[in-house]
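Below is one structure, written out as structure tokens; the observations come after it.
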Amino acid sequence: MNLILLGPPGAGKGTQAVLLSGALKIPHISTGDIFRSNIKQQTELGKKVSDILASGGLVPDDLTCEIVKDRLQQDDCRNGFIMDGFPRTLPQAEMFEEMLKARNQKIDTVINITVDDDVIVKRMSGRRMCSCGKVYHITGNPPKQEGICDACGSALYIRDDDREETVLRRLKTYHDQTSPLIDFYSKRGLIIEVDGDKDIESTFRDIMAALGRQPDGV
Ligand code: ADP
Ligand code: ADP
Ligand code: ZN
């Protein structure tokens, strides 16, 4: 199954992607995670994108699409993928369609997770990340041991771009450049709307139900 998770920053895309990846046994691909891990490892790509992420703007479309194309070539994508944070602009969505067409593939479903801006600002200020891809919240979804990932034992970190002024800039970027994708995918009949302002498990159940799947163990 080829899925896209769409929604504003902080909607819960990463959180839901980890759960969906476990349930559907397809990889979670987050362009944001790929950029952050390159910045951490100070690769050439990392050096190119570090200031862009810090400012709350978007990495150029060509560069972003190149990275996704490479990632899709890995073996674990043969049964599908969950895209989290990509595409984020109309040109990216168009290039992604071409990329999939060349592979004889298509998008099955786009899950649009909706959350109001005021809720988002609150969520981001408490977000804690792990380099393994798991996401926590200091009050809403804390790890068992403060500052440590339940899944892999690594130390959690706070994202540079989760400061309030950068969050506001990212929200503006979302409204200007990413929200037109809702219309783009609606026209193709691919959109499922899910209320992201419920608790994590309820949102996950809603998504699974919309996909016609039975979540087990949640
Ligand atoms: P969030 O989970 O808060 O929506 P992400 O982790 O997806 O944020 O992205 C973090 C940052 O990485 C973005 O603010 C942007 O600078 C960059 N980025 C991630 N995905 C893309 C993309 N598809 N196109 C351009 N820039 C991106
Ligand atoms: P995105 O990938 O869309 O930016 P995340 O999955 O990183 O969003 O979630 C942003 C923050 O909100 C994290 O701290 C996460 O633990 C928290 N969060 C995610 N889903 C929910 C939810 N349904 N209710 C409350 N907090 C949530
Ligand atoms: Zn971890």
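Positions of Cβ are set from backbone N, Cα and C atoms, glycine also.
TrEMBL lists Gly10, Ala11, Gly12, Lys13, Gly14, Thr15, Arg127, Val135, Tyr136, Lys198 with the feature ATP binding site. Taken from TrEMBL, the feature AMP binding site covers Thr31, Arg36, Gly57, Leu58, Val59, Gly85, Phe86, Pro87, Arg88, Gln92, Arg159, Arg170. Sequence annotations record features per position, and here TrEMBL assigns Zn(2+) binding site to Cys130, Cys132, Cys149, Cys152. Per TrEMBL, the feature domain 'Adenylate kinase active site lid' maps to 127-161. Annotated region 'NMP' per TrEMBL: 30-59, in sequence order.
Feature map: annotations from TrEMBL on the structure.
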residue	record	DSSP class
Gly10	ATP binding site	coil
Thr31	AMP binding site	helix
Val59	AMP binding site	coil
Phe86	AMP binding site	coil
Arg127	ATP binding site	strand
Cys132	Zn(2+) binding site	coil
Cys152	Zn(2+) binding site	coil
Ligand 3: which of the binding-site residues Arg88, Cys130, Cys149 have a Cβ closer than 6 angstroms to it?
Cys130, Cys149
When the Cβ positions of the binding-site residues Thr31, Cys132, Arg159 are compared with the atoms of ligand 1, which fall under 6 Å?
Thr31
With the Cβ atom as the reference point and anything under 6 Å counting, tell me which of the binding-site residues (Gly12, Val59, Tyr136) are near ligand 2.
Gly12, Tyr136
Six or more residues out from either end of the domain 'Adenylate kinase active site lid' (127-161), which same-chain residues have a Cβ under 8 Å from its Cβ atoms?
10, 14-15, 18, 28, 30, 33, 36-37, 40, 53-54, 56, 167, 170, 200
Sorted by position, what residues of the same chain at least six away from Val59 (AMP binding site) have a C-beta under 8 A from it?
Thr31, Phe35, Val49, Ile52, Leu53
Considering only the binding-site residues Gly57, Phe86, Arg88, Arg159, which residue has the minimal Cα-Cα separation from Gly10 (ATP binding site)?
Arg159
Determine the most Cβ-crowded residue among the binding-site residues Gly10, Gly14, Gly57, using a 10 Å radius around each Cβ and all protein chains in the structure.
Gly10
Arg159 (AMP binding site): secondary structure state under DSSP, collapsed to three categories:
coil
